[in-house]
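What TrEMBL lists as active site, proton donor/acceptor is A:141. Feature annotation from TrEMBL assigns active site, schiff-base intermediate with substrate to A:171. Taken from TrEMBL, the feature pyruvate binding site applies to A:48, A:212.
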């Protein structure tokens, strides 16, 4: 049996050159920084990564870049692989598995609004069959406000029961604690990661895995400290630290997540390319950086 | 100046073998049938085509198949090309243009929920630049209930003004007549196609182009008759025919669009492969066919 997936995970920001190609140098630097600051895993191609702005070929190249540059070990990566179609989702997932990635984080086939639990069950069953590897670990990526569809607690439980060595994690980016709790309760075999460190302690108290949070791009050391206190059963210490961590998260959200985080990186690195977002998103503005910089946990 | 895009258009159903690969034989047969029944254009890869279930490579192959098999001339095709990312959307659009297709039908970069008009304007500007061909005609594909985002009348007008030879059509699948009217009024340079023949006459009376409708898969002759009566300014004749056409459309919608249409094709061809839909959609059931068969316009 594979080990349960736990820890804190950065949905890795993607820096762009002025022509909107990926700025490889900034990308690998940022990946190294997140790991040095204490995150357990990196997830290239979460929503914070502007994942859906990338072609399939580009996604494969960037995962390879992270490994081949030495910025991260493959077993520190859990790339996003979920597209609307089975063939390319399977290709990305197989590519990640063959590279030795720890897991893949997979959206449901968005755009198929109104898809039923039964339909999604069949889709994921086919996906697992197509990847065809014992080394595959899937973290279901639940973000219904973007995807239009998601994983009900019952569907998560059914997938885990059918594929207990494969479907073993779920990222809950719904922002709805009742849903997070319902998945943990319905599917004890699944390691649940809230999409914000604000819900991490509550989730871990029930058996959750940690968090996969945009602010692990900017406040990894603080979030790691919070995680470690919880793991050490230091409830008082964790409770005392939480408000400082939440203050930064609030600043990240006020900055519109990606624009604020990119503005902060531009300030920290002195590299204005960090202000670029790919259309249809608009560029970040430097003024967004200060509230984030002011709230980073400094130990 | 290129000629204004007008007519009735089939968002072409995609038949699948039992292993969910495309049933090429049924596909080309169906394309021929729609054209023989009177549609002016075929749009492979609309929502009715289960477009987003296809990989990029498969989409290119199928457009080539339609042309190379002789099922359709390239200038009778307006393939869907819209994905979430610019690179693959440009590649599909360029492929269609190089093949000689009449137009492309392009979704906005769905998943980027909350994208602004300005951001979408920049996205489409880059797309047009990347395709880089005078032969490109874009039909904007507005279906916000699936895509999460869409084209406001002001954005459609702005794109038409900036690219008057390229952005010249819009499919309005919102089902909201007020929106259809608002686009026609805001962007007189754009040929607007409602997503249902129920709104076709009203749209054409204001300068609309025709319709791009799921039921052009099943009732093309009747819809073509309605279109021709309108073109011939036979308002009384068109008005008299409309209820018969609407009765079939209602049956198509009651059958869940794709399942009902595929059940009908299975009955008409005697080929049960037509019942297959790709997960996460569920297979059609034969009982859905009868209400559609009973309401086809027979002249």
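We number each residue from 1, going along the chain as drawn.
Cβ from N, Cα, C; glycine included.
Predicted, not measured: the structure shown is a model, and the values here were computed from it.
Positions of TrEMBL features highlighted on the structure.
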residue	record	DSSP (3 states)
A:48	pyruvate binding site	helix
A:141	active site, proton donor/acceptor	strand
A:171	active site, schiff-base intermediate with substrate	strand
A:212	pyruvate binding site	strand
Spatial neighbours, same chain, of residue A:48 (pyruvate binding site) - Cβ under 8 Å, 6+ residues apart: A:11, A:12, A:13, A:214, A:217, A:257, A:258, A:261
Local Cβ density at residue A:212 (pyruvate binding site) - other Cβ atoms counted within 10 Å: 31
Chain-internal residues, separated by at least six, CB under 8 A from the residue listed as 'active site, schiff-base intermediate with substrate': A:46, A:105, A:139, A:140, A:141, A:142, A:143, A:193, A:195, A:212
Cβ neighbour count within 10 Å of the residue listed as 'active site, proton donor/acceptor': 32
